[in-house]
């Protein structure tokens, strides 16, 4: 970040970038309107009405990929503004209409807007910030997204008292983010941020090379590996979240409501993990990834064999904190090794891996067992195996590069 801007302007840029991450996860904040909409649109099946959420996710996935190509034409800032403008307008249409088909179309357009802006919520942090500061904000983005989504869900619930239409007015909160981007976020090219990013990346890559940790910039293989990791992580997490209520009931541990309370605590723990990511990253660096995957996997397995709700609750809090460290690391790593031109596209690829992990998790769960406890245990094993393999690769790569570096020095 340029040193020529004021602290106030700096704070507004950070606020804008972090707020954009709330938009990314806001599709589901109006899920509580589904029963009311079912009453209004009695001629529609429940499956059709539930499309108000799923169709958003579908179009987000499509337009996340398109986002990179749009960036090439109009730039990162303008793409983010375009996505936010589309999302701001389309999201409030259901507040004023009773035409189900138009509502579904508006939700699809909302997905398109979110999809265009989504990768920029991550790549722009990499453009304006570097090193430990970038890592800290990568952690904050997930924490703020969780808090913001929870707040929007709460507000939508309060508006539901008036009508399900009123709940959609919660999306008016997109407008402040749009205005922040228009008036306060600098254009990455015109402000010189892209050039500064390239200079900082050269320094980081040179430092890594001097330490025997040389990394090829824009490595397709590394991006593919990181995408696979985020895919497997989301598969494991979504299976755990979906199966936990059934696990509680099948094993007489508690009610679905109590399971939901545990899941809420996990979400709160995710926020804590996001805020402490920067500190953990300073201490563990690249080892934070196998640590998060391994400990998270062990916690999942321990939950599957426990039958005490309080033990499960305590382990779940640990699980929430530890597992929330992996996603910020992956996106921070993508920012480290991607050039300014390729970063939005590579971020899009990782986000598609994330969405596919969530989408395919129910199918994969069918192959992990018939009992919920078995399925959860095997979901934990996915993380453990992934963590062990990642650790082996890190150590082996470090040793190989160390030997090469020693030979070059001699």
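Placed from the backbone N, Cα and C atoms, the Cβ positions cover glycine too.
Residues or ranges marked as domain 'Major facilitator superfamily (MFS) profile' in TrEMBL: 12-398.
Sequence-distant neighbours of the transmembrane segment (49-71) (same chain, 6+ residues past either end, Cβ-Cβ under 8 Å): 27-28, 30-31, 33-34, 37-38, 41, 79, 82-83, 94, 103-104, 107-120, 344-345, 348-349, 351-352, 355-356, 358-359. Look at TrEMBL and you will find 49-71 (among others) tagged as transmembrane segment.
Sequence annotations record features per position, and here TrEMBL assigns transmembrane segment to 78-97 (among others). For the transmembrane segment (78-97), same-chain residues at least 6 beyond its ends with a Cβ under 8 Å from one of its own Cβ atoms are 20, 23, 26, 52, 63, 67, 70-71, 103, 106-107, 109-110, 112-118, 120-121, 124, 165-169, 171-172, 174-175, 177-178, 181-182, 185, 344.
Marked as transmembrane segment by TrEMBL: 109-131 (among others).
According to TrEMBL, the transmembrane segment annotation covers 143-162 (among others). Beyond the ends of the transmembrane segment (143-162), by six or more residues, the same chain brings 18-19, 21-22, 24-26, 28-33, 36, 168-170, 173, 267, 270-275, 324 to within a C-beta distance below 8 angstroms of the stretch.
Here the transmembrane segment (168-186) has long-range neighbours at 2, 9, 12-13, 15-17, 19-20, 22-23, 26, 29-30, 33, 77, 80-81, 84-85, 87-88, 91-95, 124, 128, 152, 155-156, 159, 193, meaning same-chain residues at least 6 beyond its ends whose C-beta is under 8 angstroms from one of its own. Look at TrEMBL and you will find 168-186 (among others) tagged as transmembrane segment.
Here TrEMBL flags 220-242 (among others) as transmembrane segment.
If you look at the transmembrane segment (262-280), the same-chain residues 6 or more away from its ends with a CB under 8 A from one of its CBs are 132, 135-144, 146-147, 150, 241, 244, 288, 309, 312-313, 316-325, 328-329. Residues annotated as transmembrane segment in TrEMBL: 262-280 (among others).
Feature annotation from TrEMBL assigns transmembrane segment to 287-305 (among others).
Taking Cβ pairs closer than 8 Å, the transmembrane segment (311-331) reaches residues 122, 135, 138-139, 141-143, 226, 229-230, 233, 237, 253, 262, 265-274, 276-277, 280-281, 286, 288-289, 291-293, 295-296, 299-300, 302-303, 347, 350, 354, 383 in its own chain, all 6 or more past its ends. Taken from TrEMBL, the feature transmembrane segment applies to 311-331 (among others).
What TrEMBL lists as transmembrane segment is 343-369 (among others). Beyond the ends of the transmembrane segment (343-369), by six or more residues, the same chain brings 57, 60-61, 64-65, 67-68, 71, 76, 79, 118-120, 122-123, 126-127, 218, 223, 226-228, 230-235, 238-239, 242-243, 327, 330-331, 334-335, 375, 377-379 to within a C-beta distance below 8 angstroms of the stretch.
Per TrEMBL, the feature transmembrane segment maps to 375-397 (among others).
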Among 109-131, 287-305, 375-397, stretch most in contact with the transmembrane segment (220-242) (C-beta, under 8 angstroms): 375-397
Close approaches to the transmembrane segment (109-131) from elsewhere in its chain (Cβ under 8 angstroms; 6 or more beyond its ends): 1, 13, 17, 20-21, 23-24, 26-27, 55-68, 70-71, 76-77, 79-80, 82-88, 90-91, 137-138, 141, 185-186, 188, 193-194, 197, 200, 204, 331-332, 334-336, 338, 340, 343-345, 347-348, 351
